[in-house]
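J.: Can you keep this structure in mind? I'll have questions shortly.
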Amino acid sequence: MVPSFLSLSFSSLGLWASGLILVLGFLKLIHLLLRRQTLAKAMDKFPGPPTHWLFGHALEIQETGSLDKVVSWAHQFPYAHPLWFGQFIGFLNIYEPDYAKAVYSRGDPKAPDVYDFFLQWIGRGLLVLEGPKWLQHRKLLTPGFHYDVLKPYVAVFTESTRIMLDKWEEKAREGKSFDIFCDVGHMALNTLMKCTFGRGDTGLGHRDSSYYLAVSDLTLLMQQRLVSFQYHNDFIYWLTPHGRRFLRACQVAHDHTDQVIRERKAALQDEKVRKKIQNRRHLDFLDILLGARDEDDIKLSDADLRAEVDTFMFEGHDTTTSGISWFLYCMALYPEHQHRCREEVREILGDQDFFQWDDLGKMTYLTMCIKESFRLYPPVPQVYRQLSKPVTFVDGRSLPAGSLISMHIYALHRNSAVWPDPEVFDSLRFSTENASKRHPFAFMPFSAGPRNCIGQQFAMSEMKVVTAMCLLRFEFSLDPSRLPIKMPQLVLRSKNGFHLHLKPLGPGSGK
């Protein structure tokens with residue numbers, strides 16, 4: 001039997017705990033209300049669409065067709081308008097080149113309200129770092145994306161793509177349309193495994209396969225968390241099955257990366273192994289990071305190495321998958337452009353069996369079509385920043401430091417004040433002459449300014465090799481009954497996949 005004084009003590013503790021929770025909850029509410037007041041006051045000069053009393057604009061921007069709704073708002077509210085995710089997170093949503101230049105030519109940090117969700121997986125890598133630490137990492141990583149490093153990757157892109165195309169050859173024999181998205185995703189992730197760790201389909205052990213599945217899982221789970229407001233609170237999220245699944249996948253990914261780093265560092269202590277690695281046809285991303293030193297001869301810590309490897313895997317997987325899938329959809333939708341691209345790459349390939357690095361620079365028309373597909377379907381439709389200092393825009397309106405900015409790339413790319421007939425697929429927009437006349441911040445598929453995508457040359461090189469090989473092997477056409485439905489998440493996906501008809505071309509079309 002529990003003594004009465006202990007019962008009273010437990011009761012008192014319970015009351016104290018309940019009281020403390022109520023006080024903390026009240027203080028949190030006060031903090032949120034003050035933050036809303038600050039954000040709302042900062043944006044009071046910017047009219048915008050009406051908000052829901054509880055959800056702000058969240059319900060509208062999660063609906064099918066929400067991207068085009070934002071485009072319609074852009075017509076109604078030139079330059080920018082407030083965009084509220086619930087009642088406490090408000091961004092100034094911008095979609096005009098001069099407004100974009102005012103913010104993205106600087107180097108303000110990513111908005112923590114969005115990007116802090118990524119920390120559990122990718123840590124503090126280049127995507128979320130700021131200040132001197134970001135600058136140090138940017139300088140250390142830049143040599144890893146130099147042309148001389150990228151050149152040997154053409155063979156890696158070719159190898160992974162050929163595996164995918166052989167699968168498509170079998171599927172195409174059935175004479176029915178099929179969804180290409182998962183196969184493209186598998187190919188893109190397989191390519192990254194080879195370029196990051198020197199692994200691939202020919203050498204995936206159990207540990208590598210588990211990592212491969214974990215990265216796929218983490219990407220999907222992160223997408224789902226971003227659009228599910230009940231998951232935005234960390235404490236609540238980690239208690240849910242969704243959150244626990246995310247943590248398990250994180251552990252698998254981190255264990256794999258840590259072990260590969262340990263093994264590679266140990267191997268590099270052996271001079272023979274080190275020379276063998278240095279003489280390979282290409283250095284993988286991990287080798288480059290391990291050899292990176294700044295001007296003070298300081299190298300990346302193990303935690304930094306893991307963060308940058310995980311960031312590279314995250315940023316380079318879904319974006320590439322999205323870009324390739326939407327491009328092939330555009331080719332199916334516009335067969336005249338598909339035909340012209342195919343003829344160009346056939347002429348470039350000639351009697352060769354494979355594309356060489358120098359061939360990529362000759363793919364003029366294919367590159368213009370890739371860029372036009374990026375304009376209409378940017379792989380990352382929206383990015384976010386937090387102002388580190390005040391900004392004054394071209395029309396005289398301003399925002400204070402601490403304000404949140406949403407750069408709506410999709411709406412920018414369909415802004416009729418910038419792009420005549422924005423819904424029309426016109427590859428000639430990206431001819432040298434036309435591109436030179438355009439505002440430098442009118443086209444931002446890889447963001448812009450000092451914090452632009454460090455891997456854009458890697459991505460464009462992969463896009464060219466993959467799409468050229470696809471067009472040489474198959475003729476793509478639409479399935480009118482299953483057209484893609486745009487679904488904006490962290491990357492631009494299709495709600496129902498990308499169902500295309502593929503017609504194998506004759507021998508010699510793709511070597």
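Cβ from N, Cα, C; glycine included.
Feature table excerpt (Swiss-Prot):
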type	residues	note
BINDING	GLU315, CYS453	heme binding site
MOD_RES	SER436	phosphoserine
J.: Would you count the other CB atoms within 10 A of the CB of the residue listed as 'phosphoserine', including those on all shown protein chains?
T.: 7
J.: How big is the Cα-to-Cα gap, in Å, between CYS453 (heme binding site) and the residue listed as 'phosphoserine'?
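T.: Roughly 21 Å, rounded to the nearest whole number.
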J.: Any idea what the Cα distance is from GLU315 (heme binding site) over to SER436 (phosphoserine), rounded to a whole Å?
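T.: Cα-Cα distance, GLU315 (heme binding site) to SER436 (phosphoserine): 29 Å.
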J.: By a simple count, how many Cβ atoms lie within 10 Å of the Cβ of GLU315 (heme binding site), its own Cβ left out?
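T.: GLU315 (heme binding site): 22 neighbouring Cβ atoms within 10 Å.
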J.: Using a 10 Å radius around its CB, how many other CB atoms surround CYS453 (heme binding site)?
T.: 22
